[in-house]
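Asker: Following this message is one structure expressed as structure tokens.
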Amino acid sequence: MDAAPMIHGTTVWPSPAKLNLFLYITGRRANGYHDLQTLFQFLDHGDELTITANNSGNITLSPALADVALEDNLIYKAAMALKNAAQSPLGADIQLHKVLPMGGGIGGGSSNAATTLVALNYLWQTGLSDDQLAEIGLALGADVPVFTRGFAAFAEGVGEELSAVEPEEKWYLVVRPAVSIATKDIFTHPQLMRNTPKRDLASLLTTPYENDCEKIVRSLYPEVDKQLSWLLQYAPSRLTGTGSCVFAEFSSRKDAQAVFAQLSDNVLAFVAQGRNVSPLRKTLADYQSAKIRPY
């Protein structure tokens with residue numbers, strides 16, 4: 001029996017952060033899920049996955065994440081989900097270089113899962129479509145499909161109805177207050193506003209951007225409130241997702257860096273530019289065209 005085809009060698013893949021430039025909660029369904037309207041944009045900053053496909057049939061991941069069992073790790077779950085969906089006999093060694101915080105609202109875990117799906121679909125030559133990868137991703141998390149598709153998007157429904165958009169690619173100063181916030185804790189909070197009127201995209205893009213989770217997060221987490229109040233002195237600033245990260249927007253890298261330089265040394269923060277095409281999609285295209293090659 002012939003060995004399954006695969007791309008040999010070691011490959012390196014970006015796992016970019018995202019921002020919710022706005023986030024509105026327009027209702028709550030009987031199953032507890034929320035109807036949203038949100039605008040996703042990627043950043044040119046994130047984690048990195050080094051992946052080598054092999055014939056072992058096993059998925060190895062290093063380093064192990066503290067307090068997260070391998071079977072619960074989204075990277076492992078994504079690899080196994082693709083393996084099962086494509087009925088692939090292949091395996092992979094995956095190394096994660098982690099810089100994005102967990103519980104930060106910038107998509108760290110969802111982005112890792114999406115990068116795993118996109119990379120292994122290529123390396124294992126499984127040939128699944130973008131729609132199929134998005135469907136697998138949705139079972140892993142509501143934000144995974146936007147990362148697998150790789151385009152800035154306006155999302156509706158529970159976040160799965162995506163329309164490609166091209167917001168301005170501004171510069172952002174992203175600050176991580178010293179607290180991790182579980183999405184579930186915010187979406188189940190009794191004081192969360194859930195009745196924002198649904199609007200069309202044109203209206204949303206021409207009104208000041210807001211985040212319906214921001215008020216409750218600021219009241220529950222003084223660290224977030226303090227950091228956001230500080231940023232608002234310098235530029236339009238908001239919470240992303242359910243936090244804990246907050247961001248300020250600027251028209252130039254120079255302006256963002258100037259405010260970054262004023263932060264205390266013990267504050268976790270970075271400056272990045274918005275990207276309407278994900279660095280992941282660009283890397284995939286570069287591998288497919290042999291612009292970059294495995295080593």
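Backbone N, Cα and C atoms are what each Cβ position is placed from, and that goes for glycine too.
Sharing the features that Swiss-Prot gives for it:
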ACT_SITE  K18  active site
ACT_SITE  D143  active site
BINDING   P101, M102, G103, G104, G105, I106, G107, G108, G109, S110, S111  ATP binding site
Asker: Just going by other Cβ atoms within 10 Å, which of the recorded positions K18, G105, G109, S111 has the emptiest spot?
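Answerer: Comparing Cβ neighbours within 10 Å for the recorded positions K18, G105, G109, S111, G109 has the fewest.
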Asker: Of P101, G107, S111, which binding-site residues are close to D143 (active site), meaning a Cα within 10 Å of its Cα?
Answerer: G107, S111
Asker: Can you tell me how far the Cα of G109 (ATP binding site) sits from the Cα of K18 (active site), in Å?
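Answerer: Each residue's Cα considered, G109 (ATP binding site) and K18 (active site) end up 11 Å apart.
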Asker: For G103 (ATP binding site) and K18 (active site), determine the Cα separation and express it in whole Å.
Answerer: 13
Asker: Are there residues of the same chain, six or more positions away from P101 (ATP binding site), whose CB falls under 8 angstroms from its CB, and which are they?
Answerer: G108, R176, S180, S244, C245, L268
Asker: Around G107 (ATP binding site), which residues of its chain at least 6 apart sit with Cβ under 8 Å of its Cβ?
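Answerer: The list for G107 (ATP binding site) reads A17, K18, L100, D143, F147, G241, given in order along the sequence.
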Asker: Among all protein chains shown, how many Cβ atoms are found within 10 Å of the Cβ of D143 (active site), not counting that one?
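Answerer: I get 24 for this one.
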Asker: What is the set of residues, excluding P101, M102, G103, G104, G105, I106, G107, G108, G109, S110, S111, whose C-beta falls within 8 angstroms of the centroid of the C-beta atoms at the ATP site?
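Answerer: Near the ATP site, beyond P101, M102, G103, G104, G105, I106, G107, G108, G109, S110, S111, sit A17, L100, G241.
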